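As annotated by TrEMBL, domain 'Histidine kinase/HSP90-like ATPase' applies to 39-136.
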Amino acid sequence: MRSNFSLKIEVPAKIFMLRPLGFFVRSLIEQLTDNCDASEVIDRVELAFSEAFTNICRHAYGVTREGPAIIEIKASDDQLTFVFTDFGQGFNPENVAPPNLDEPREGGLGLWLMKQVMDEYTYQSEPDGRNVLTLKKNITRSRAASSEKT
């Protein structure tokens, strides 16, 4: 991975933004990992990113409110970090029951999926009205993949 990188963007928290953001995030991760053979990691990170953004659109703001999603992407030599900030309805993740995987239903898996595919998950509803979700993924580049690229 290339050394430290940080990018912060603000977009409307609307589902129509998910596809272009997904393309952008996937492309960015591929570049930051020097296109090494990390497709499974890339898929998992993209899934967690999509779930986080979708939750902001559907749950924080819902259908009646509009607002921004502020997304900060940070990369270091061994970790990717995504910080999502919104000003919508907050929640307590401890009050969200784990899904019953024996009786699948549409929806209700986003939080669980994020926790499963990322190495760190934190969520805080701040007193000033901000909701901040931080997702971290440890990245290890294989020496074989990096030597093939040179």
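Along the chain as shown, the residues are counted starting at 1.
For all residues, glycine too, the Cβ spot is worked out from N, Cα and C.
Confidence over the domain 'Histidine kinase/HSP90-like ATPase' (39-136), given as mean pLDDT on the 0 to 100 scale, stands at 88. Taking H, G and I as helix, E and B as strand and the rest as coil, DSSP gives the domain 'Histidine kinase/HSP90-like ATPase' (39-136) the counts 34 helix, 28 strand, 36 coil.
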